[in-house]
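Colleague: According to Swiss-Prot, the record shows the following:
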BINDING   C11, C48, C82  [4Fe-4S] cluster 1 binding site
BINDING   C156, C160, C163  [4Fe-4S] cluster 2 binding site
DOMAIN    2-119  domain 'MTTase N-terminal'
DOMAIN    142-374  domain 'Radical SAM core'
DOMAIN    377-440  domain 'TRAM'
Amino acid sequence: MAKLHITTWGCQMNEYDSSKMADLLNSTHGLELTDKPEEADVLLLNTCSIREKAQEKVFSQLGRWKNWKKDKPDLIIGVGGCVASQEGEHIRDRAPFVDIVFGPQTLHRLPEMINKIRGGDRAIVDISFPEIEKFDRLPEPRAEGPTAFVSIMEGCNKYCSFCVVPYTRGEEVSRPVDDVLFEIAQLAEQGVREVNLLGQNVNAYRGETFDGGICTFAELLRLVAAIDGIDRVRYTTSHPIEFTDDIIEVYRDTPELVSFLHLPIQSGADRVLTMMKRNHTALEYKAIIRKLREVRPNIQISSDFIVGFPGETAEDFEQTMKVIEQVNFDMSFSFIYSARPGTPAADLPDDISEEEKKERLARLQQRINHQAMQFSRAMLGTEQRVLVEGPSKKDIMELTGRTENNRIVNFQGTPDMIGKFVDIKITDVYTNSLRGDVVRTEDEMGLRVVESAASVIARTRKEDDLGVGKYVVNL
């Protein structure tokens, strides 16, 4: 059987895209996924352009693959993702042995591209933005464990001054609500218990309904939570300026929506936020968190931070540290600023020394780690509901799973617990994990109800006396 290898860099959207590529090429060409690139007949590199020197990293990887192509002339090499979208034809200028260059919105065309290359075409570059077409061309979802990612939209319209996403993934396009619900219901039938809704800015979701109406993100959350078998709902990533009160109301009355939120602020200084074109202040961000904690007192918050943005003063950084303490973030993805070509911020003078940037990043991460450990220690002696993912990586005789607030818990259990929920009493707290004992199995919780995907769609559609279809969100 012919084999496929995909090297994936970057965000969860890229991970999701790579899984779809693998499923697609397995269904169309029978390609079997391998983690050994030297065995592959098709090599795909799914790239990310967020970090500094992303392009050089791509060409370095391609240089290693070039040698394999010399020994294996029929080997097909493709480059996708955000660097491909940015660079386009320039990739082949520097690496003419690359056969296919495709963007995040054209991965569904891979089967046709491969056929053309095998048919004698020299090379194909397709980095267009055909809106939502790719989701209509992908195979049915295939569950791999009790958790799954589902893309609900693509692109971003916010144009933050440091970010390449609007240029590499295009503007915001939402999937129709029926398509999203049907995919999740199919996954639930396969045993998925937790779904993570993906998008560059999920709270901008505006999905078309079957009758031409619009479903908001808050309404979508309620509909997803109503699917039997889905007992946890997460999402990533969201933007503060569209974190509206109707979303906060979902936290008030939808227990399936986890008490853990990733809401990036990037900086705690209003002056820096203005230069970043974030279009909100630190006070407005804190107001959202205050409202959330009024309806979910135990919710834990994570964020992204960019340290050393051009023009960030020592006082600006201290304001960020103050916000970190005030919000009491549980976790963060923190980076030293690096200019991305083509973004407005790339034209700003990079006036902060590398030494100063590293010192600020170390202070920020130390503070967040301290707060995270305080949250973990507070869990000692409590009961936590854990979704069991499989054997522990450290000890195959033990099981591992995650709490609602994203903590890894290791414990002694039986194989029949995998894919189900258990209640664990936390007995030990470590830097990167927790440990505990099982106090309750899922059989004692009465959680799971099996329901077909088609019936979920039927339940979300109702017709009035005149036969006009409408959605009923509060099921």
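In case you wondered, yes, glycine gets a Cβ from its N, Cα and C as well.
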Colleague: If you skip the near sequence neighbours and keep only those at least six away, which residues in the chain come within under 8 angstroms of C11 ([4Fe-4S] cluster 1 binding site), Cβ to Cβ?
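Modeller: Correct list: C48, I50.
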Colleague: Using a Cβ-Cβ cut-off under 8 angstroms and a sequence gap of six or more, which residues of the chain neighbour C82 ([4Fe-4S] cluster 1 binding site)?
Modeller: G10, N14, T47, C48, S49, I50, A54, P104, V164, V165, T168, R169
Colleague: Please list, in sequence order, every residue of the chain apart from C156, C160, C163 whose Cβ lies within 8 Å of the Cβ centroid of the [4Fe-4S] cluster 2 site.
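Modeller: Residues close to the [4Fe-4S] cluster 2 site, other than C156, C160, C163: K158, Y159, F162, V164, V165, P166, Q200.
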Colleague: Which three-state DSSP class does C82 ([4Fe-4S] cluster 1 binding site) fall into?
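Modeller: Helix, per DSSP.
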Colleague: Tell me the Cβ contacts of C160 ([4Fe-4S] cluster 2 binding site) under 8 Å, same chain only and six or more apart in sequence, or just say none.
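Modeller: Sequence-distant Cβ neighbours: Q266, M276, K277, R278.
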